[in-house]
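Worksheet: the structure to be examined is printed underneath.
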Amino acid sequence: MEEGLIDRLLETLWLDRRLNQNTLNGYRRDLEKIARRLSQSGRMLKDADEADLAAAVYVDGEQRSSQARALSACKRLYIWMEREGIRTDNPTRLLKPPKIDKNIPTLITEQQISRLLAAPDTDTPHGLRDKALLELMYATGLRVSEAVGLNFGNVDLDRGCITALGKGDKQRMVPMGQESAYWVGRYYTEARPALLKGRSCDALFVSQKKTGISRQLAWMIVKEYASQAGIGHISPHSLRHAFATHLVQHGLDLRVVQDMLGHADLNTTQIYTHVANVWLQGVVKEHHSRN
């Protein structure tokens, strides 16, 4: 019964909102988690009240971000159930998400980025692919899901830009720069055919399995070369943070950065001005004669 409700909600979200599969999978995991917790008290999603849901969402010891995400999924479910006539009320209406402290992204310096980008061995097909992937992610600020989801048709090497498919399947055009375009072009003509060995594949970045690389493989690629470059605590998303912060440091208008990142809300982008200011304060503290 619970699975049926969740399946129907996700189908509606896919048809009406065109949410991508990663988002839908996240909703499923959160709703199944809440359903399991409710079942321990003999309740179900269909008949839970506000107190039941509060107990299932606000669990001691769980990260607030996880609680907020689960509550968001529940709110979508009960809005849909009320609209479909499955329930006459919405028990999540008065439930508030927990306050979450903003995590300031760790800044990767331009010197560290240079070391990272220099790490792959471009004399090998895998190394040339990895070099192109790293260059592209730093040059464009793509989310890892956007980068691994690229087809070559999304890349215009002559104009030096890509068309990224972001959250909610929204398209945006992002400049990729000459250096990134050079390495993507070399990878496409030299390394990609060697990796595919005559097989066809729509994905731009391919693996030795002759299919598009996964998010997990992209994560491993970043971690491997970060280790070689002596950089700790880095992930594919760190390249997106570095891209945005370095642009802000060099004076690019925040709204332009917002468009390039695909942020719907400027407030989301403003975190990078704070990161840049923290970096600037550190530089002044280190080099100013009065510090």
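A Cβ is built for glycine as well, from the same backbone N, Cα and C atoms used for every other residue.
Noted in Swiss-Prot for the protein shown:
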DOMAIN    1-82  domain 'Core-binding (CB)'
DOMAIN    103-285  domain 'Tyr recombinase'
ACT_SITE  Arg143  active site
ACT_SITE  Lys167  active site
ACT_SITE  His237  active site
ACT_SITE  Arg240  active site
ACT_SITE  His263  active site
ACT_SITE  Tyr272  active site, O-(3'-phospho-DNA)-tyrosine intermediate
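Spatially, by CA atoms, the active-site residues Arg143, Lys167, His263 include one closest to His237 (active site), and that is Arg143. If you average pLDDT over the domain 'Core-binding (CB)' (1-82) in this model, you get 89.
Per DSSP, the domain 'Core-binding (CB)' (1-82) is made up of 62 helix, 0 strand, 20 coil. In this structure, the CA atom of Arg240 (active site) is 12 Å away from the CA atom of His263 (active site). Around Arg143 (active site), the C-beta neighbours below 8 angstroms that are at least 6 residues distant in the chain are Gly166, Pro236, His237, Arg240, Gly262.
Arg240 (active site) is surrounded by 21 other CB atoms, counting those within 10 A of its CB over all protein chains shown.
Rounded to a whole number, the distance between the Cα atoms of Lys167 (active site) and His263 (active site) is 9 Å. Residues near Lys167 (active site) in space but far in sequence (CB under 8 A, at least 6 apart, same chain), listed by position: Asn20, Thr23, Gly262. If you draw a 10 Å sphere around the CB of His263 (active site), it holds 19 other CB atoms from the protein chains shown. Secondary structure at His237 (active site), as computed by DSSP, is helix. Cβ-based neighbour count (10 Å, all protein chains) for His237 (active site) stands at 15.
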